[in-house]
Amino acid sequence: MTIVLTPVWQNGVQKLKMAPQPPPRPQHGLTPPELDDEVHETRCMTQLRGKVSDIERYIYLSALKQHDPHMFYRLCLKHMAEFTPIIYTPTVGQACQEYSHNYRRPEGLFASIKDKGKIKSVLRAWPKIDDARISVVTDGSRILGLGDLGINGMPISIGKLSLYVAGAGIRPQSTIPICLDLGTNTQKYLDDPLYLGMRKRRVPTNEMTEFMDEFMHEMSVQFPKLLVQFEDFSTDHAFLYLERYRNQYPVFNDDIQGTGAVVLSGFINAARLASAASGQPLTDHRILFFGAGSAGVGVAMQLMSFFTLEGLSEEEARNRIYLVDTQGLVYASRGELAEHKQYFARTDYTGPPIKNLLDVVEYVRPTALMGLSTTSGAFSPDVIQTMAALNPLPIIFPLSNPVKLSECTFEDAVRFTNGKVLFASGSPFHELEHRGQMLYPGQGNNMYIFPGLGLGAILARCSSVTDSMVEASSLGLANSLTPEEEDMNLLYPQIERIREISAFIAMQVIRAAQTAGVDRNADLRRMSDSELLAFVTSKMWNP
Ligand SMILES: NC(=O)C1=CN([C@@H]2O[C@H](COP(=O)(O)OP(=O)(O)OC[C@H]3O[C@@H](n4cnc5c(N)ncnc54)[C@H](OP(=O)(O)O)[C@@H]3O)[C@@H](O)[C@H]2O)C=CC1
Ligand SMILES: CC(=O)C(=O)O
Ligand SMILES: [Mg+2]
């Protein structure tokens, strides 16, 4: 069963009403007599593949999800590698950019700054209050690497929640996609007659914080069992609101914590291979981050635990990490630094700014290069070749989304390292053959983490999401490679196994929640690991 939101007009205002629950199958007489499920799968896939562009495929799947959610999720699970680039990155980026033009029907909840003081009534409009378990909330201010899209950010919340359903079996009707309308600073949208959001520039932070305080409070009152995932807030607000609410409500920030967890996981697997090739100890890795925003710093924070788990002190771990932003290498004596960059600012360099990435690479001599900069092609052939000259098996992760903003392509990484590269990107690339050998790119995307992390937090009824739960999700993912996947030198498991992986991650997250004492479902404490895994799996919704 799924929720169907039907727009109805009342006094000139469009409102959502929950349509009657659709029967599992339309009644006899209302469908063609020989409509057969198996054949219909083929029909849907043929229609999908016949579309001329990815955005057409997105629109088709969005309609299919609404009128036949069982079929949508069945196909999604069967064709995960084909569906994710459409319902998620990269195509969801285009769907966001064109949202106001392609808009067809309401699919989520909108809360506007104009609703300040009465957010409760907005939330009450949501039809299935009792069931709500997970909400993805964006303010549209930094959608993927595409900038401030304002209200057009809604599809990112929708897309992430589709992956919660497909990837972790969260019940569709217990998901709430939310886009906050706090204005936009993108002139193109302010000038667009079809733009669906408020035609005002973004409100200042103090006003936004008052709004957010009311919003988070009302969310906890209206939806007492809800976990909130903050998504694609601009970096300053991402850090601000995570810190402000993380000890008060069950909430996490996907870009800071989910990305940190997925990259730590891929890095653990990559570092083992790289160290085996170089003979250098794991603790000798040096990681250079190109990009020092919410994602770059979030990942850097999480990667600290790679070193501390290997026995280094916090100070030694921090020393293994270097950041680069638009001004070059981040170091303490460079001048005033944004708060989120200060912890990693180098104190062992005091010279003039090193601005050029190639110069920074030559200075740092990193074993790993991470791109979270939104800058397409920043890992130039020179940079990649230098990484290959410095390391027998360099780790190169261009993680910016969507694919057109990736710091390099898989093809370039393979070509300029002569096939000797440990690679993961934020958006998917195709495998390729190099000198008779198939090489597989990893996808270092938080989509491997948030479904399982969310499922674990929901089932344990967590009062908050602790760093230890996030770390557990990462280690759970790192340890989920099968022997066959290890033989293929994969850094991440195949996405088709997402359900199995999410169940395993959820189990690890629940155990971490219990250790931290933030679980409110004490029954799970009495279960053995195998019982807990069976319980998690039994709770997954199946189309
Ligand atoms: N793979 C995944 O799962 C995820 C990927 N991402 C991706 O990460 C990217 C960054 O996100 P986020 O951190 O929130 O974004 P921000 O815009 O906050 O950060 C971008 C960072 O890159 C730096 N930067 C931008 N251009 C350049 C340049 N030409 N040279 C050097 N540095 C540059 C910025 O420098 P300055 O600080 O000086 O402005 C800033 O530090 C996005 O593309 C996003 O899609 C995010 C989350 C998950
Ligand atoms: C994947 C993701 O969360 C991002 O690019 O923002
Ligand atoms: Mg994001």
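The backbone N, Cα and C atoms fix where each Cβ goes, and this holds for glycine too.
Nobody curates TrEMBL annotations by hand; they come from automatic prediction.
Feature annotation from TrEMBL assigns active site, proton donor to Y88. Residues annotated as (S)-malate binding site in TrEMBL: R142, N401, N445. Residues or ranges marked as divalent metal cation binding site by TrEMBL: E231, D232, D255. According to TrEMBL, the domain 'Malic enzyme N-terminal' annotation covers 65-246. Feature annotation from TrEMBL assigns domain 'Malic enzyme NAD-binding' to 256-514.
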Quick one: of Y88, R142, N401, N445, which recorded positions lie within 10 angstroms of D232 (divalent metal cation binding site), measuring between C-alpha atoms? Sequence order, please. R142
Expressed to the nearest Å, what is the distance separating D255 (divalent metal cation binding site) and N401 ((S)-malate binding site) at their Cα atoms? 12
Quick one: which of the recorded positions (Y88, E231, D232) have their CB closer than 6 Å to ligand 1? none
Pairwise Cα distance for E231 (divalent metal cation binding site)/R142 ((S)-malate binding site) [Å, integer]: 9
Using the residues the record lists for (S)-malate (R142, N401, N445), what whole-number Å value is the largest Cα to Cα distance? 16
Close to ligand 3, in the sense of Cβ under 6 Å, among Y88, R142, E231, D232, D255, N401 as recorded positions, are E231, D232, D255
DSSP three-state assignment for D255 (divalent metal cation binding site): helix
CB within-chain contacts under 8 A for Y88 (active site, proton donor), separation at least 6: G159, K160, S162, L163, M447
Output, ordered by sequence, the same-chain residues six or more apart from R142 ((S)-malate binding site) with a CB under 8 Å from its CB, or 'none'. D148, D232, F233, S234, T235, A238, G293, S294
Cβ packing number for E231 (divalent metal cation binding site), 10 Å threshold: 29
Could you check which of the recorded positions Y88, R142, D255, N401 have their CB within less than 6 A of ligand 2? D255, N401
Are there any residues in the same chain, six or more apart in sequence, whose C-beta is under 8 angstroms from the C-beta of N445 ((S)-malate binding site), and if so which? T89, V262, L399, N401, G426, S427
Top of the binding-site residues D232, D255 by count of other CB atoms within 10 A is D232
With the divalent metal cation site defined by E231, D232, D255, which remaining residues of that chain have Cβ atoms positioned within 8 Å of the Cβ centroid? T138, R142, I143, I156, F230, F233, A238, N253, D254, S294
